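Report on one structure; see the data block that follows.
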Amino acid sequence: MEQPGPRRPRLAAKAAAAKIAADFECANNRTNAKRSNRSSDEQVSENSVEDIGDETFDPRAKNVPRTESPRCKKRRAAQPAGMKVKVTTPRAKPAPAGAPAAAEEEDDSFPVPPKVQVGNSPVYLVDRRLGKGGFGQVFLGKRIPSKRLVNDPKPAQVALKFEHKSSKGCCANGNPYEWTVYSALGDTYGVPRMHFKGTEGDFNIMVMDLLGPSLWDLWSKEGQKLTEKYVACIAMEALQILEALHAKGWVHGDVKPENFLLGPPGTPQADKLYLVDLGLAMKYKDTRGAHVKYDQKPDDFRGTIRYASVHAHLGRTASRRDDLESLAYTLLFLLDGRLPWQGFQGDNKGFQVCRKKMGCSAEVLCKERTEPFRKFTEVVMSLKFDEDPKYAACIALFEPLVLTIPRPIACDSAIKVGQKRGRQEMAELDVGADGQPRKRLRSGYPGCQWISVYNKHKPMKQRYHYNVGATRMEVHVKKGLSDGLFISAVGCAADLWALIMDAGTGFTAQIYKVSHNLFLPKEWIVEQWDAGFYITAVAGSTSHSALVVMSQGTKYTQQSYKVSDVFPFEWIKKKWRENFHITCIATAGSQWAVVMSRAAGYMAQCVELDFLYPSEGVHRRWDEGFRITGCAATPDQTALVLSKPRKAPADETQETLRTTTFPSQHVKDKWAKDLYLSGIAFGRTVS
């Protein structure tokens with residue numbers, strides 16, 4: 001719930017007032033009583049507070065099937081709390097951008113026709129159902145003999161995929177999204193062919209190659225564990241398939257055992273591997289052939305939780321590295337029958353799974369496996385967003401495991417690729433996209449550090465205090481205020497506070513409050529809003545105490561904050577649409593507090609959220625003209641707010657440091673370069 005405080009008269013738009021009156025009638029009645037005692041020229045602002053529980057976002061309330069299987073319910077309940085997630089089951093997937101938002105079970109109440117003919121296809125009898133997916137049902141199709149088609153090379157048996165026209169798997173033009181993907185891929189190595197497509201009655205229909213069992217079926221049949229030789233063959237062939245798919249400019253987006261199928265039993269293709277189900281495939285190249293731009297939307301998860309890359313969990317734009325990381329998890333699952341993050345339950349399952357993935361190094365995941373699996377996992381974990389994977393070198397890693405014949409999976413062509421190109425590229429696996437030795441991003445030893453941000457500024461007076469107890473804070477603040485300094489940033493570590501005071505804030509008055517065991521002090525904040533103060537700095541402690549600094553002299557015209565047990569990105573997006581921007585961010589234990597203001601002076605804003613310091617994302621945002629304007633961290637995650645100012649500073653230089661102790665030894669060196677502290681936080685930086 002938002003509780004509005006006083007409003008500036010010049011902002012009192014009728015439509016906004018009507019909305020507020022409807023949503024928060026009791027709060028407005030109390031506020032209006034205060035307004036009646038003010039002079040007509042008094043300038044105040046409307047401010048609002050959102051506490052935990054007052055505004056609930058349930059991603060399961062959107063696009064939820066009316067009827068679903070127990071397994072589907074279990075999968076859907078696995079999404080992280082507070083995060084908008086599209087979850088898939090083995091044959092139930094949402095489609096990506098340009099396609100519907102979420103998967104739903106195809107309703108059995110729509111009976112499929114007994115025979116079909118689409119486009120110029122033969123007539124097929126619809127036989128038994130082979131499977132049921134998120135957007136449709138797959139049936140065996142048997143071609144009806146015809147004298148006219150006696151020499152037709154088209155297969156006698158096919159897979160018929162029926163998707164009802166009312167399905168959310170359809171794009172705006174009414175066609176299934178997969179049609180677009182299969183048409184774009186054409187004849188791609190390891191991808192089944194779409195022979196015909198069309199509509200009949202209430203259904204969109206695809207006529208496709210008939211294939212055999214999935215790797216999941218095979219794994220189950222073999223006692224839920226496959227040999228290293230078996231899985232090495234799968235790895236080599238899967239890498240060649242993914243390379244071919246990626247060469248067409250697409251990423252699959254949902255690599256897992258259920259989506260790898262063998263050829264039809266009893267045929268020459270019975271031991272050949274195929275990659276199916278392109279409902280989540282996305283373009284990673286634009287129309288000019290350039291790599292798509294990096295972005296992160298922390299509430300936008302796509303894929304299957306068990307096998308998804310950490311970047312997919314964190315809502316980053318899909319790229320080739322995601323398919324390869326999912327392949328690594330698929331291979332290890334087929335070997336061991338289990339992954340370390342299986343077993344988490346509850347609304348925050350996605351958060352728990354991603355945290356566990358980030359805490360598992362390649363050594364931990366492959367401790368009982370041979371070097372090829374460890375090396376491959378390590379390499380794919382450290383790939384950059386737009387890095388060109390060394391497919392041939394990765395294939396060559398597994399070659400020593402498949403030297404003897406027979407081989408359970410046909411991988412002769414993959415072996416040739418590994419022998420021809422892979423050995424030359426092997427040394428490059430240890431070199432990153434920047435030409436430097438590849439960094440291991442997941443050490444398996446999580447740690448917390450101080451994060452400090454420095455901005456270029458004309459010479460000014462700045463002062464810092466750290467390891468400050470609540471009883472000593474007043475002494476430092478009073479001394480700073482008497483010297484013309486105002487608090488510009490605050491932080492906390494081990495329940496001791498850090499203060500940054502300087503002469504460059506532009507504030508005219510300032511007050512602060514330390515609230516013990518309360519994050520944040522709502523009544524005090526509302527009272528100060530009424531007095532014309534705005535929140536300009538916040539920090540929280542592990543004991544859920546808070547240090548809130550409020551100032552006069554800002555340009556803000558309206559302010560709102562939210563406290564949440566999960567990072568409140570959905571709420572942030574809503575406020576962005578209302579022309580608010582994040583002006584403060586803080587944590588207390590695992591809780592987040594986000595303060596957003598109008599007239600903050602920004603033209604654009606984004607958030608980088610990770611289970612370590614998001615170095616790659618920060619550098620990409622810097623290249624786009626963003627600068628860090630807020631930072632906060634819990635023992636599990638770090639969040640950096642990056643903004644584009646409407647008026648760019650004369651010098652946009654910005655630097656960051658990560659240090660185990662407060663960076664007192666570094667600050668003076670930065671001052672000598674006219675770099676001044678603009679933000680500090682303590683929390684998770686290493687996984």
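If you go along the chain as it appears here, the first residue is 1 and each next one adds 1.
Just so it is clear, glycine is given a Cβ too, placed from its N, Cα and C backbone atoms.
Features reported for this protein in TrEMBL:
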{"type": "BINDING", "residues": "Lys161", "note": "ATP binding site"}
{"type": "COMPBIAS", "residues": "92-102", "note": "compositional bias 'Low complexity'"}
{"type": "DOMAIN", "residues": "124-402", "note": "domain 'Protein kinase'"}
{"type": "REGION", "residues": "23-115", "note": "region 'Disordered'"}
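Within 10 Å of the C-beta of Lys161 (ATP binding site) we count 24 further C-beta atoms, all protein chains included. The residue listed as 'ATP binding site' falls within a strand when secondary structure is assigned with DSSP. On the 0 to 100 pLDDT scale, the model's mean across the domain 'Protein kinase' (124-402) is 93.
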